[in-house]
Amino acid sequence: MGGTLGKGDSPRKGWTPETKLEAKMVEAMQRRASKGCVMKSFDSIVLKFPKIDESFRNCKTIFEQFDEDSNGAIDPEELKHCFHKLEISFTEEEISDLFEACDIHENMGMKFNEFIVLLCLVYLLKEDPAALQFKSKMGFPNLEATFETLVDAFVFLDKNRDGYVSKNEMVQAINETTSGERSSGRIAMKRFEEMDWDKNGMVTFKEFLFAFTRWVGMDDIEDEEGEEKV
């Protein structure tokens, strides 16, 4: 996954994105980082969890609207219809890349938490005003603020603004918040491991988003639905 790193290695030089989509995410995040960061501490991110959770849950009706066969997942064709209805202009290849990136279980069905990640990636990648109107089209103006908070949180963690978060950057972010408490290193490592899905020592914005949906309780929604169907 982009290379293998030792425990103390710094992957900064020569780190190359694995896919076109990842390269676009990195470029978009670097542009966003050049504008500065509002977030001041990891604690300030945590304090926003409840509001972000509420905003995500409000998206459930959007997900159900585009899950045309009501099977609890959005397939590639349904995603194309979704983009068409929201007037989001992506090529067939871009839609396919987005679906593949967010369908983490590779079962050709995008669950609710995966759909949330996809929408946030669309927000990051589509900077032109016309494309960003998809939020108001869905009827949730607060969604833009939520996605911007997530982008800002990633920028806060990405200290050197290269579009990735490393272990050292995570430790630095936690230390800034905890003032050097003994447990801060363990907290940073635990959070980093939760984000670094492919265990390559670097966290992309997509990995960060999937970890974030778990942190704010999106997995609880999936569990609740599973219990209802039993």
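Note that Cβ sites are derived from N, Cα and C of the backbone, with glycine treated the same way.
Now, the feature entries from TrEMBL:
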DOMAIN    54-89  domain 'EF-hand'
DOMAIN    145-180  domain 'EF-hand'
DOMAIN    183-218  domain 'EF-hand'
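Per-residue pLDDT, averaged over the domain 'EF-hand' (54-89), rounds to 87. Applying DSSP to the domain 'EF-hand' (183-218) sorts its residues as follows: 24 helix, 2 strand, 10 coil. DSSP assignment over the domain 'EF-hand' (54-89) gives 22 helix, 1 strand, 13 coil.
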